[in-house]
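For reference, the structure discussed in these notes is given below.
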Amino acid sequence: MKGGIRIGKIFGIPLHLDPSWFLIVGLMAFWFSAYYAKLSPNFSWAYGLLNALLLFLSVLLHELGHSLTAKAQGIEVTSITLYPFGGTSSFDREFKSPWILFSVSIAGPLVNLILGMLLISLAWTIGGDSIFITSPQAPNSLVAIIGSLRTIWGFMALNIAYINIILGVFNLIPGLPLDGGQVLKAAVWQITGDRTTGIRWAARSGQILGIVAMLQGVLLIASQRLFDGFFLMLLGWFVMNQALRHLQITNLQQALQELTAEEAMTRDFRIVDADMTLRRFADEFLLMEDKNADPVYFASSNGRDRGIILAEEIRHVDRSEWENKTLHSIVKPLPSIDSVELKTKIPSVINLLEEKKARYLPVLSQVGSVAGIVDRGDVIRALSRKFNWKIPEAYIQNIKKEGKFPPELPLADISAQIP
């Protein structure tokens, strides 16, 4: 799912930054500047900022590892978003096999580990063995050998190398939302043959890891390590919250797959006689309707539903002909309009609503008659019954009127990712 500020494209993939990213870059620059204070007092801030930007470049390369591997598998990458504690790559659909999930998930950490090894080699090339045993707080001996500038670049390469290795190893921890959680999900999916079981295992593991990290943070704070403690607590909360989100989305996807159009539809429509003149239809129905109402009409004749009547079509007929022409002249036959069947699963209903940008869809019975209509509000009402949500009817009616799912319940995105 997309979010944040769009700053451009990379390899054709939209790139977004979370607004808090800029604050974290500033804090990271301040923190890294102390690292270079002894080496370059006048430019420590500049080196600190460069170090912070290289850190986030590492995160971007990590996400590109995921994204380019997915593209190689024929999966469209809809966006990359960078956050303070990492990034996310969004795909147009869920992965159809455990192997694809595994290969895409493992690619990110592998990029970091390989990059870490390359940067360690670069640091050694710049500073030799001494770069690994010299402290940035006491760099004089190394500066005397290779000079101040080479020392700075050597330390920066080593610093980013260590961060990449930590990123790679950390992301392999087996719990969602980490890549290791996706690897665990793929493994359980492969063993059990059930994708949902894999998600539940990985999400529960992520929740446990988040709680453990938060408890460890409390212990660090108690031992006067305030910065480390608060950071670990925040990281633990983030992991736990994201793991819970994965679990909630999985529960929603499973519920959607269990619902059919028949369970969500309503009979909020009218059947009118197709032999009725346009004048009579206008006088008895259109002129009598509430101005705020937007009723749905279907025409029937000889005991069969013929099609849908769109009120705007009557306006295309000259008023002088309304007395002579019947609804047959403006009806859109049922076979020519987008519709679903009683047993159509709700994800297919949602996908068709979004694809056609339709406000509603007719639901047809086995004999081809109109059994009901279903729209986005009906889908949410059906979910509310399944989960015992207390959703005001006015809220559902507003969704029906606007013709789109609310941002807090993006069912279009959630449904599109069901394999």
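Glycine too: its Cβ is placed from the backbone N, Cα and C atoms.
Secondary structure at Glu63 (active site), taken from DSSP and collapsed to helix, strand or coil, is helix. Taking the Cβ of Glu63 (active site) as reference, residues of its chain lying under 8 Å away and at least six apart in sequence are, in sequence order, Ile80, Leu82, Gly87, Thr88, Ser89, Gly108. According to TrEMBL, the active site annotation covers Glu63.
Counting only same-chain residues six or more apart in sequence, the Cβ atoms lying under 8 angstroms from the Cβ of His62 (Zn(2+) binding site) belong to Gly86, Gly87, Gly108, Pro109, Val111, Asn112, Leu167, Asn171. The annotation Zn(2+) binding site is assigned in TrEMBL to His62, His66, Asp179.
Annotation source TrEMBL lists domain 'CBS' at 330-391.
Sequence-remote contacts of a segment are chain residues at least 6 beyond its ends whose Cβ falls under 8 Å from one of its Cβ atoms, and for the transmembrane segment (21-37) they are 4, 43-45, 47-49, 51-53, 55-56, 82-84, 136, 152, 155, 159. Annotated transmembrane segment per TrEMBL: 21-37 (among others), in sequence order.
What TrEMBL lists as transmembrane segment is 43-61 (among others).
Residues 58, 61-66, 68-70, 73, 75, 132, 146, 150, 153-155, 157-158, 160-165, 167-169, 171-172, 179-180, 182-183, 185-187, 189-190 of the same chain lie 6+ residues outside the transmembrane segment (99-126) yet bring a C-beta within less than 8 angstroms of a C-beta in it. Annotated transmembrane segment per TrEMBL: 99-126 (among others), in sequence order.
What TrEMBL records for 152-173 (among others) is transmembrane segment. The list of residues near the transmembrane segment (152-173) in space but at least 6 beyond its ends in sequence, with Cβ under 8 angstroms from a Cβ of it, reads 32, 35-36, 39-40, 47, 50-51, 54-55, 58-59, 62, 108-113, 115-120, 122-123, 126-127, 131-132, 136, 139, 142, 146, 179-181, 183, 209.
What TrEMBL records for 208-240 (among others) is transmembrane segment. Cβ atoms under 8 Å from those of the transmembrane segment (208-240) belong to residues 85, 173, 175, 177-178 of the same chain, restricted to positions at least 6 beyond its ends.
Within the same chain, the residues at least 6 positions away from His66 (Zn(2+) binding site) whose Cβ sits under 8 Å from its Cβ are Ser89, Val104, Ser105, Ala107, Gly108, Asp179, listed in sequence order. Regional average pLDDT for the domain 'CBS' (330-391) in the model is 95.
DSSP assigns Asp179 (Zn(2+) binding site) to a helical segment in the three-state reduction. Neighbours of the Zn(2+) site: apart from His62, His66, Asp179, residues of the same chain with C-beta atoms within 8 angstroms of the site's C-beta centroid are Glu63, Gly65, Gly87, Ser89, Ser105, Ala107, Gly108, Pro109, Val111, Asn112, Asn171. Its Cβ placed at the centre, Asp179 (Zn(2+) binding site) has 27 other Cβ atoms within 10 Å.
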